[in-house]
């Protein structure tokens, strides 16, 4: 009997030891330590998240955002319309001209900036070339002037010699004639010849002086403009900065003109029936004056706001989901209005839900996710697996961080452009790592989605 008891005890101890050993073995396995998810092909949706207040759209007084002359009205009382449908438009010729004018001003400002920048770059080279040309011209002018001055001095010398000879001949003639006789006639002839030679020398001198004056006048006409201080200076850094400011101002004016042009179209903010039309083609309307009244058939409007830095991603017609507070079920909606004027750094946005559920009563708050980008059939991982531009990949027994190239970042999944292959195991959480305290929380995860790291102990998300 004792032998049977001992035998059973030994078996029980062996079983316990085996179970403990197996558990220890499992605990040491990396796959049991980490919560993993596979990189897989799927779809990604990038959204802008906000919240708003629900109101039932029983009536919508639709007005143009800008003043003008009505060009078209495409609906009549009794017509059924859908959210986002065009109802009419005002004459856009003036605003198209404004866009063209703003485009021309921007082009002119950019041309001025480019010209001044080029002049600034070429200033040093231009100055050097001008100095060389001025030096060459000055050398040629000096050579010509010296040559003509030499000719004048030679003519002056010849004239002086002729005068001296003539004076001697005249003295001789006067002496010969005073004594009378045959020598007087010869002396007169010599004095006359000398005087003629003086006249010829004086004529030559006058010609040389005239040549010198003409040469000086020609040199003066061909000389480069002086002084250098009168030339237009190269653009300064302040001039370039002013040119850039003019370009920025012209670009902002073009954006505003384009926005005004886009607002010449009247769009139905909800689906329903046209109750009345208050204008016809040719009529003048003011901004904000109701033109078409649409009565909604139970549609709900969610009036939300979007920060100014995200407004450029939004457009009328984008798909959205609306989630009532306290509910896990979202309903489909459509962006039907994007406000043109910011209020406290936020723009008003209207999302229309055609068939609101009972969980979306008037006056209740609701979360709104507007889809601003999608990618289908791409390699993805859970967004919670992404930290900055890295993911941790489990290869064999080792988990190592890997830098990846991110594409579209969604709330749940993120597109991976490079760095991973389909089937790679990425780490979502380290089960052996304690939860971070409030002063140990890490930075945002998921490519800027603002999530803090967490340990997921349920099934790995797919």
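Each Cβ is built from the backbone N, Cα and C atoms, and glycine gets one as well.
Given the ranges 18-63, 64-109, 110-155, the record in TrEMBL names 110-155 as region 'Disordered'. TrEMBL assigns the feature coiled coil to one of the listed ranges (240-267, 268-295, 296-323), namely 240-267. Here the coiled coil (240-267) has long-range neighbours at 62-66, 68, 84-92, 95-96, 98-99, 101-103, 105-106, 108-110, 112-113, 116-117, 120, 291-292, 316, 336-337, 340, meaning same-chain residues at least 6 beyond its ends whose C-beta is under 8 angstroms from one of its own.
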